[in-house]
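Below is one structure, written out as structure tokens, with a few remarks after it.
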Amino acid sequence: MKWSNVNSNDSEVVKQSLVVSKSCGASQQTSDITVQVGPAGTIKATKDSSTAIQNLASYMTNAASCGTTILLSKAGDSVAALYAGADVYQSDVGPYLLNFKKQFKAGSQIIQSCDSSSKRDNTIGVYIVNSLDDLEGIDRALQTWSKGSCLDSDGHDLIQSKTTMLGVSEVSKRSDISSSLEGFLAPRAEDNFDKYNTGTDLCKNLKVKQRVCCSAGSLPDIIPKKQSDGTCGTYTIQTNDNCAEIAAHFGVTQDDIYDLNEDTWGWAGCGTNDLKADQVICLSEGNTPMPSPLSNAVCGPQMPDEFCTESPARTKAPGAFQSGKNGCISNCGTYIVNNDDAPENFYHVAYFEVFNLKRECLNMDVNEISDTSLTHVHFAFAGLTADFDVSFDNDEYKAQFEKFVKNDASYKRILSFGGWAESTSASTFQRYRDAVKSGNREKFAKNIKAFFEKYDGLDGIDFDWEYPGATDIPGVPAGSDSDDDNYLGFLKLMKSTIGDKSLSIALPASYWYLKTFPIAKMSDYVSYFIYMTYDLHGQWDYNNAYADVGCPSGDCLRSHVNKTETINSLAMITKAGVPASKIFVGVSSYGRSFGMVDPTCTGPMCKYGGAFDVSTAEAGSCTNTSGYISNAELNLIMQGVDSGASNYKGRTWYDEDSASDVMIYGTKGEITTWVAYMSDDTKEARIDWIKGLNFGGVTDWAIDLQELNLGVDPDSDEAQDLDLPALPTGCSSANWPDNLEDLRNKIDKIDLGCRAQAVVWVLIKILPDILDNYQSAADNYDEYFKYYAEWVRNGIDDSLPLFMWSDGQNYMDCKWSSTSDGSGDAACTEMHVPEGQPGQGEVSITYTVRDEDGFYKALQADYGIEKDWIVWKDIYADPENSLTCPPCPNLTKDCKPCTGHGVTYHNWPVKAADDDIDVPNLKDIIDTAVPNITTLQDVILGSFIEMRIGAMDASDEDVATALSMPVFMIADTTEQMKNITKIGKEQEKADDEAKVSFILDIVSIVLMIIPFAGEAVDAIGGVANVARAAYVVGEAGNAALSVYDIVKNPSSAPFAILGLVMGADASVVGKASKTTFTKAAAFRNALTEDTLSSFSKEFRANDAIVQDIVKACKRA
């Protein structure tokens, strides 16, 4: 476009020309797009980040550049990066960004419109970091977008939007071919192209490597054909291949590729990073191909040279093979087999970890097992003595077992032996190797038989020897080649010994450990196998090149309950000759967790840290093991996140690829940990799937990890002592209100035993908003204190005469003279002289402080005035002309007596100069209280968790009573802070009543938060110094002084309660003391009605709701 051809006097023409120039000469079209928005709360300084986005939007709105745009904008500490692809109408990016103001203000880090399968460069991406220290994240995001890929969007929200795209004017990999060909081909060539290629919309859908005609005729049939042996037509993936280009090159569609490869080895789809170099895929109908061999594979279809390869001898005789070959082996393919018939019954096993009692919390008594869906419960674990008899670690575990076999349960009661710890401990591992040997197994079997006779309620035994024949368990000598045969012989003898009692063993889902088990033969003697299809991945994968597909270093984030890998494991065991009906497939009630190297990277190629035996994952508060965390703990962490608890961060999502749930979390202010697990819904879906495959049942590790329990036998004396029978075994918070008013109105719908917990739940829900409002209000208080200090100083002159005409005279001597009534010299209380009377004549009074210590103490106590705040001067007062001749501050030539009937006061106290009066800045107390309020938030959440898991050694009612008082105090303070009107310059003319009210409000606020401020109060002279302003400007009985009466004693209820609960370390689950909350509740309960009346109406109303609820609970 040339401006010489534009009529610059025509504004519409100029405007249209500018629009065309901004589109770089290309056509424009409005496109519907899907925008992926990252989770809220990732970015902290949302005000700064929003400003950075506004700057980017402003620049882009006024930009007229062509091609790809990459911009960075910094505001405060936040840095925002923008990527806008070459096919995006750049000037429309600004308004597009402003559509997401709400998401940016909420703290979203990533917003991207991105399609990695598109051939156009139409990505719009924004990536924000909290500081310059995090620029690596921006670099990674920009590189990803510039390569045509997209950032991981797991857990992102999807929002439909619109923006303007361009038709580009040059051919490129990502260009729109239909518009690019115009002008690219010479007119004659373009005519020929259309002549030889007549397909509808061909240009619009052209792909790289797609074949077209350059002459008359038709294209050859290039679709691969089925091979002569029935194998499909294959293609070997090359580096940087993608499905779109492969489909175009071979004349098929991407949908065809998906359909043809549903059963192909290693097929993961067409997504980013899904195709692997050297992977073999199908491009036609036919049998699935053999995968490419791996030189280091020792089994399976990728083992070099042989899998399902026929190699008959030259004679072709049956069973005769070429030298060194095995022929077509029996386990060809990757399908689950031996599952044609459904079992007679589908069973549901759960393990009970008796060692849960060693945990500091999340305890469960064996009599708390109440799941009616269970058909078997395995009591884990018993051990072996040196002479092959049954043992328990301690008397407590044995007592639990004896209750287990005596209870009247609907499920089968099975005792499990071994486990990982006993199988690998230096003191016990050899016992399992020896017990199954031919010389010992009979003795062991007899001992087991005697054990059954002693405990006739026992229905079976289960052996969890981990693992016979294993050679790589750290700290354990390599197993013997005879372990497998010994184990088989032992099982054969054990089955004949125990008769119709149940016999089962646990099997690993790993080929390396399973290969030593003669499982096909074992299946003749066991009732079922416990197949541990959990722990498929864990910290032990670290630095293992064979642990994670596509992850040579073994340190990639992978799910330990991955469904695809579970399928492979099930194929492995069924192909080994075990009928599906005898296999109980593992599901889990815990997660395997990893410390993330990059908390923003959550996909299967992202890395975790640590070492083979060192996990950097955040440990659960009860299981207390990095890398392993219970579902119950994960649920509690998300409760903390959902309730806005300080330092709790996290989010969850369902991962389709692994068919498992994923959570990232951190409880110390930052997300640090990735964990894969099964939620209840996921577990139910997995169980239904397993049942549909005709397996015999499922086995769940472990029932005590699922949810919170009391950890006490409901029928025991201990339960009676703790008054536990009245408590329900679980309090669901799903429908609890999140404010006190609704809680009071709906309290009848909540079980009595759960109501105190519901109170604490409400405290958790309301405290974040209280804290936010407190901090917001506190931001304006620097301005407020300027007026506060000024008005306190101005009140001194009003208060001094009141003191001098009352208690002040008790500490002074007077010398006086009067023209009408003589003179004298005595204590001021005995002075007789006319003052303030018409016609009195001239009066002169000189004051001398007799008891200086008593004078200043009384002045401070009664009126809050410090010694340094006054000076002693001579002043004059005229009673006859007070309206026109006010009292003179001193006798100077500028202030002469107005009449002959005044009074001269010598050595009279007056306000010192403003600069000499240091009014404490109470803002310091307001600011200092914030960290302690935040800590209180953590304490309440920690206490709630203890209540939920049954680790709180105190009554729920005492906990609710103790925690509510400090919350209501800070809530009351916040409301007062919000209600103080911002003081502007016009308020300098406020009347005296308004000024006094303002000062008293501020003093009341600060006094109420003093229990939260700690040493900051001492820095300004203590509580009395805070209250001083109320004495200077107020009067006895004002509201501020009533609050002062509450908090002036360090042992009063607010101080005592806060000190107890803040010192309880309740933010660490299991650490709270029963006496802590009992004592704190006692301080609240000891408050009299008179004392309570000193608190605000709102405080008393909230407190009354809590008291009514907890008293009803105690009466029940």
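Cβ coordinates come from backbone N, Cα and C, glycine included.
Some features that Swiss-Prot has for this protein:
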type     : residues       : note
DOMAIN   : 233-283        : domain 'LysM'
DOMAIN   : 346-719        : domain 'GH18'
ACT_SITE : Glu466         : active site, proton donor
BINDING  : Tyr467, Trp701 : chitin binding site
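Residues of the domain 'LysM' (233-283) grouped by DSSP class, helix first, strand second and coil last, total 15 helix, 6 strand, 30 coil. In this model, the domain 'GH18' (346-719) carries an average pLDDT of 93. Its own atom aside, the Cβ of Glu466 (active site, proton donor) has 21 Cβ atoms within 10 angstroms in the protein chains shown. Ranking the binding-site residues Tyr467, Trp701 by the number of CB atoms within 10 A of their own CB puts Tyr467 at the top. A Cα-Cα distance of 16 Å separates Glu466 (active site, proton donor) from Trp701 (chitin binding site).
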